[in-house]
Structures are given as structure tokens and as C-alpha cells.
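Visitor: From TrEMBL, here are the annotated features:
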- 10-369: domain 'FMN hydroxy acid dehydrogenase' (DOMAIN)
- 89-91, Ser118, Gln144, Thr172, Lys240, Ser262, 295-299, 318-319: FMN binding site (BINDING)
- Tyr146, Arg181, His264, Arg267: glyoxylate binding site (BINDING)
- His264: active site, proton acceptor (ACT_SITE)
Amino acid sequence: MTDAEATSGVPEATSGVLGELRGKARARLEPAHWDFFEGGAGRETALAENVRAFGRLALLPRVLRGAGEPDTAVELPGARASTPVLIAPTAFHRLAHHEGERATARAAAAAGTVLITSMASTTAVADVVAAAREVRADAAVWFQLYLQPRADVTEALVRRAEEAGCTALVVTADSPVFGRRARDDRNGFHDLPPGMAAENMRGLPGAPPDAPLDIAMSPALSWDHLRGLRERTELPILVKGVLHPDDARHAIGEGAAGLIVSNHGGRQLDAAPATVEALPRITEAVAGRIPVLLDGGIRSGADVVTALALGAAAVGVGRPVLWGLAAEGEAGVARVLAELTGQTAHVLALCGARDCADLNRDQVVLRGARGVAGG
Ligand SMILES: Cc1cc2nc3c(=O)[nH]c(=O)nc-3n(C[C@H](O)[C@H](O)[C@H](O)COP(=O)(O)O)c2cc1C
Ligand SMILES: CCCCC(=O)C(=O)O
């Protein structure tokens, strides 16, 4: 067991650039904030399994294909990204670094990738998009939305995202209630410190002037709410947190432009499967009709290529971006993105792939299994 595993239970990156940034982030952050970023729900089984499941998979390279230098670019709803490594939405970046989401946005834009900015950001979405667009005029920022039980609140948030220039909405569907996180309970961490707030939640219907509204999570939300949202926006909508193939089909029926296979980084249902293990059934159900993305446990280029080979169009990365941000601000996020994209290009080349779509499901096999050629 590594040192990191001994303290967290998770087989996390302990070497290389990501390991270095993780160590630096941990040393810099207040322990309660580190635990908030790093932790998961319950016994942290889903959190650990997201990472471990990639370790149980191997890649079968194809040889002598004359593929040339791999192209890492991907085409997505409301974005063309130069890398399949996107930034998954994570809350409260100013807890990690004083520049917060602005630093993350600049690094994402410079890398030519999509920032999925959290509704629970500590910077208003207009300022997040502005920071990205200062670096690159066509930078793509997607807005992650928790559907609110009050339709007027959801609507006001969507208008803000649209006016800010976001090019897609990501509706997080895996949070009918808030996950139970033992580390946060133990630390008594349940709110932002004074001076920081969820800036998107200010000035909404039902809130006192300039006071932020709490983000509501509601088990009463249904596909009807998603339909209501679709009728009120032209933006493409991706549904995040899908693990059951029937929900994938349902989302397509409701006009979703994309899906994100996710268990919220193991922070919601602890009994959820590792996302890479849920992915094949989802891509099978979707059958290429809309792009399927995955997040959870991506820590290397091999993880990225494994997800792509199993049919993902792109992946999201959560905690490693927070490590980079906490360790070195914008430069740290840039290092995380460059490292994962560089590794991805290298693994694509070693697998004989010319681009992110030039991979097949039969190239992913279980380690230790007899007769590795899948199908
Ligand atoms: C600190 C933290 C905050 C998060 N906040 C949000 C959020 O506001 N909205 C959301 O949809 N997902 C949120 N997530 C989940 C991520 O979008 C993503 O599903 C997950 O982090 C991916 O796993 P990884 O951290 O192993 O890469 C959060 C995750 C973390 C670690
Ligand atoms: C209301 C904040 C939600 C943040 C979140 O989604 C998470 O911590 O996983």
C-alpha cells in the first residue's frame, strides 16, 4: 500500500506530475478543505473503485497501421476541443486558490479544452466565461446546473449562463439528495468560510437582495423538469450522472444532446459502480446517437484512451484539476491538462490510433483474464 492509499483508502497518483501536484496541494490546503475536495460518500467505495477499475483493464495495441501522429481533437455539442480531456464541474475553486475559477478558466481556454463550470462556483459565471475569453475568443464554457424545484430560479440561472456566453448546459441528475460525506461531517465542514459564496446564487427570485440562495437538491425532480428546461433554452443539454442504460435511452428521448456517465466522483451513491465499468452498457444503449462522456477516476492517458476505446467521446477530470489549482493556480491546472493530454497522445500512438475515435472496444481487456481478445 502506498502512503496516499494508507491515509485515504484510494489508490491515487503518487508519482509523476499529478502526484507532485497532489502532494503540494495537500500541504497547502487546510485539512478540512483538502478533505472536502478529496473525499467521497459513505465508505468511499465508489471513489476508490473509479480509480481501481482502470487498473483492472489493459489495452491491446494495434500494430503497423500507418496511423501517423495522432490528432487528439474532439467534436462535442457546443464545442470543438483540442483534447478529449475536459474539466469536470467542481464546486468552490476559491477554497483551492485565491484566483479561483478565473484561473481554471484561463488554463482551460489556453489548452483549448472545455471548462464545465459548476453552478456552485465561487465566481459568477459571467466572470468565469470572461476570464476564458480573454485567453481565447472562442473558448467553450459549459454551465453545470442543478435543476431547482422552483422553475423561476432554474430559469434565472439558465438566463445567466446564456448571457455569459456558455455554449451548453450540463444537468447533474445524480443528486436528488446531497451525499453523506463522513470527512465533512467529521470536520464540521458544511459551508464556505466568510468572504466566499456561491456567486451564481445571488439575486435570484426568492432571495433577499444580494444574498445567495442555497442550492436545493430535490428528490421530486423528474424528466418533466428536464423537458421544461428544454422548452426554455436553445442551448444543447447534456445529462450528467447517468449509470443505467434505460436512463440513457430516456435522456435521448427527451432530446439530450449528450450524456456524462458519472457517479459524481463517488460523492453521492457510494454503492454505485466504477464509471468505466458502467460505460460499455451505456454506449451500447446509446449506439452512437449522441456523444457519451465519462468522468471519475481518470488519472492517466491510458485511462483516457481506455474510456475512448469503450465508446466515450471525451472524459472529464475533477480532483486532479483541483490539485493543480491548489498547488500552483492557473499554471498548475495548465500542467495537469498538458500532462494528461500529452499522455493521451502518446498512448494513442502506441495503440496505433490516428485519433480519439480510431479505437475499438475489443482493444480493452480485463487483466488476468484468459483469452484476452474480447468482442
Ligand atoms: C470537490 C468536488 C466538487 C464537486 N462539485 C460538483 C458540482 O458542483 N457539480 C457537479 O455536477 N459535480 C461536482 N463534482 C463531481 C465532478 O463533476 C466529477 O463527477 C468527479 O469529480 C469526477 O471524478 P474525479 O474527481 O475522480 O475526476 C464535484 C467533485 C468534487 C471532487
Ligand atoms: C451545493 C454544492 C454541491 C457541490 C458538489 O456537487 C459536491 O461537492 O460534490
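Heads up, residue numbers simply count up from 1 along the chain you see.
Glycine is no exception: its Cβ is also placed from the backbone N, Cα and C atoms.
Bear in mind that TrEMBL entries carry predicted annotations, made automatically and left uncurated.
I'm curious about the neighbourhood of these features; can you describe it?
Guide: Within 10 Å of the C-beta of Gln144 (FMN binding site) there are 26 other C-beta atoms, taking all protein chains into account. Gln144 (FMN binding site) falls within a strand when secondary structure is assigned with DSSP.
A sphere of 10 angstroms centred on the C-beta of Arg267 (glyoxylate binding site) encloses 24 other C-beta atoms.
Taking the Cβ of His264 (glyoxylate binding site) as centre and 10 Å as the limit, one finds 25 other Cβ atoms among all the protein chains shown.
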Visitor: On a C-alpha basis, identify the one among Pro89, Ala91, Gln144, Asp295, Arg299 that is nearest to Arg181 (glyoxylate binding site); the candidates are the binding-site residues.
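Guide: It is Ala91, whose Cα lies nearest.
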Visitor: Among Tyr146, His264, Arg267, these being the binding-site residues, pick the one whose CA is nearest to that of Asp295 (FMN binding site).
Guide: His264
Visitor: Do any residues at least six apart in sequence from Tyr146 (glyoxylate binding site), in the same chain, have a Cβ closer than 8 Å to its Cβ, and if so which, in order?
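Guide: Residues satisfying the criterion: Met119, Ala120, Val171, Thr172, Ser175, Ile215, Ala216, Met217.
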Visitor: Which of the binding-site residues Arg181, Arg299, Arg319 have a Cβ less than 6 Å from any atom of ligand 1?
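Guide: Going through Arg181, Arg299, Arg319 in sequence order, those close to ligand 1 turn out to be Arg319.
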Visitor: Between Lys240 (FMN binding site) and Arg267 (glyoxylate binding site), what C-alpha distance do you get in Å?
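Guide: With distance taken Cα to Cα, Arg267 (glyoxylate binding site) is 14 Å from Lys240 (FMN binding site).
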Visitor: List the same-chain residues at least 6 positions away in sequence whose Cβ sits under 8 Å from the Cβ of Gly297 (FMN binding site), in sequence order, or say none.
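Guide: Expected: Glu49, Asn50, Val51, Arg52, Ala53, Phe54, Ala274, Thr275, Val276, Asp303.
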